[in-house]
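Novice: The structure follows.
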Ligand SMILES: NC(=O)c1ccc[n+]([C@@H]2O[C@H](COP(=O)([O-])OP(=O)(O)OC[C@H]3O[C@@H](n4cnc5c(N)ncnc54)[C@H](O)[C@@H]3O)[C@@H](O)[C@H]2O)c1
Ligand SMILES: O=C(O)C(=O)C[C@@H](O)[C@H](O)[C@H](O)COP(=O)(O)O
Ligand SMILES: [Zn+2]
């Protein structure tokens, strides 16, 4: 097992445990639980696979469950309410613990529920998708979607620990594995060019679920994420680089209806779009853009946006991005392959012209 640390101020640092068979090691979990009441939040797909293991590990606790329907379209305030209903119905007190057992949707919702319930109860992330193990379970961004914008209601709220058991990825389907690779590739593009090179050589192994390759990709991704979050927990600077591809990606997710495109797929398309904008600014050349498109395609990810949406719809949705300031759309671009910019104001005419090239 590998143990990494997310280093934060005020004693809020926490470990990320990465390895095989971790769900069968109850002490990893129990050493972070302070009192008897534990609520496990999961969904209808994951619970039948892994809930019993956790319940066995927590044999001495009062374990209750909140099982949500599966899908990005349920990452809403309405379904968050189901978690609060259960916490209240079972009379959970302030020293109780919420465990999020699932992918990014469950992690974001569970974390937000924990942040809100009685103004904050302890929270543990047990990520079960590649995307959640390499990105969403680390760093404390929690929240839900709104019909008009992705992750628009939420809080920064850090977990007590993250337990990433690589074995659970065995049951993940290939499309979800590829979606996770989009965020893995992101680290290479924004700050870790050596990792990008490694990925270019090893994506076939990752797609074939080679255990060593996956373990390495998860660890190196978490190292990158932990470093960025440790430097800028609340996104006043460098953390915004983790949003590469997300301004456009979130517009695709919201505009096409949550759940149609997976988050990682939308991020892959959004990153290729950001690469195109970076080329127009003279920061990348044609070969750089091709290299970026190639790496996503090698990971079996889409690279062009849905044409059912219009330029106007895209611009409208990008106008509600959290990085925007004073009504100006701001995006993360690439100054080079392996080096992200901080948020850049985009010229509206150039944005529209670029979008017209894709969607007419
Ligand atoms: N908080 C953050 O920093 C952050 C970072 C990236 C993404 N996100 C959010 O995460 C969400 C995407 O997360 P995701 O890609 O994990 O999607 P997801 O949570 O919807 O999970 C994907 C699918 O895989 C299933 N699943 C999960 N684990 C499984 C397993 N082990 N075996 C079989 N099936 C399994 C789920 O039930 C679901 O159907 C988005 O809402 C995105 O906004 C948040
Ligand atoms: O941790 C971060 O910071 C990220 O931006 C990670 C992203 O991969 C993630 O999708 C995040 O939820 C997007 O954040 P948002 O602030 O744009 O909603
Ligand atoms: Zn993301």
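Every residue, even glycine, has its Cβ placed from backbone N, Cα and C.
The following feature annotations were taken from TrEMBL:
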BINDING   70-75, 104-108, 128-129, 141, 150  NAD(+) binding site
BINDING   183, 246, 263  Zn(2+) binding site
DOMAIN    67-178  domain '3-dehydroquinate synthase N-terminal'
DOMAIN    180-324  domain '3-dehydroquinate synthase C-terminal'
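What does the local environment look like for each feature on the list?
Specialist: Within 10 Å of the C-beta of residue 104 (NAD(+) binding site) there are 26 other C-beta atoms, taking all protein chains into account.
Secondary structure from DSSP puts residue 183 (Zn(2+) binding site) in a helix. Within its own chain, residue 183 (Zn(2+) binding site) has 131, 134, 135, 221, 264, 267 as residues 6 or more apart in sequence whose C-beta sits under 8 angstroms from its own.
Across the domain '3-dehydroquinate synthase C-terminal' (180-324), the model assigns an average pLDDT of 98.
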Novice: For residue 108 (NAD(+) binding site) and residue 263 (Zn(2+) binding site), what Cα-Cα distance in Å is obtained after rounding to a whole number?
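Specialist: So the Cα of residue 263 (Zn(2+) binding site) lies 13 Å away from that of residue 108 (NAD(+) binding site).
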Novice: From the Cα of residue 246 (Zn(2+) binding site) across to the Cα of residue 70 (NAD(+) binding site), what is the distance in angstrom?
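Specialist: Given the Cα positions, residue 70 (NAD(+) binding site) is 22 Å from residue 246 (Zn(2+) binding site).
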Novice: Within the domain '3-dehydroquinate synthase N-terminal' (67-178), how many residues are helix, strand or coil going by DSSP?
Specialist: 50 helix, 33 strand, 29 coil
Novice: Provide, as an integer number of angstrom, the distance between the C-alpha atoms of residue 263 (Zn(2+) binding site) and residue 72 (NAD(+) binding site).
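Specialist: Cα of residue 263 (Zn(2+) binding site) to Cα of residue 72 (NAD(+) binding site) measures 9 Å after rounding.
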Novice: For residue 246 (Zn(2+) binding site), which of the binding-site residues 74, 104, 106, 150 has the nearest Cα in space?
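Specialist: If we rank 74, 104, 106, 150 by Cα distance to residue 246 (Zn(2+) binding site), first place goes to 150.
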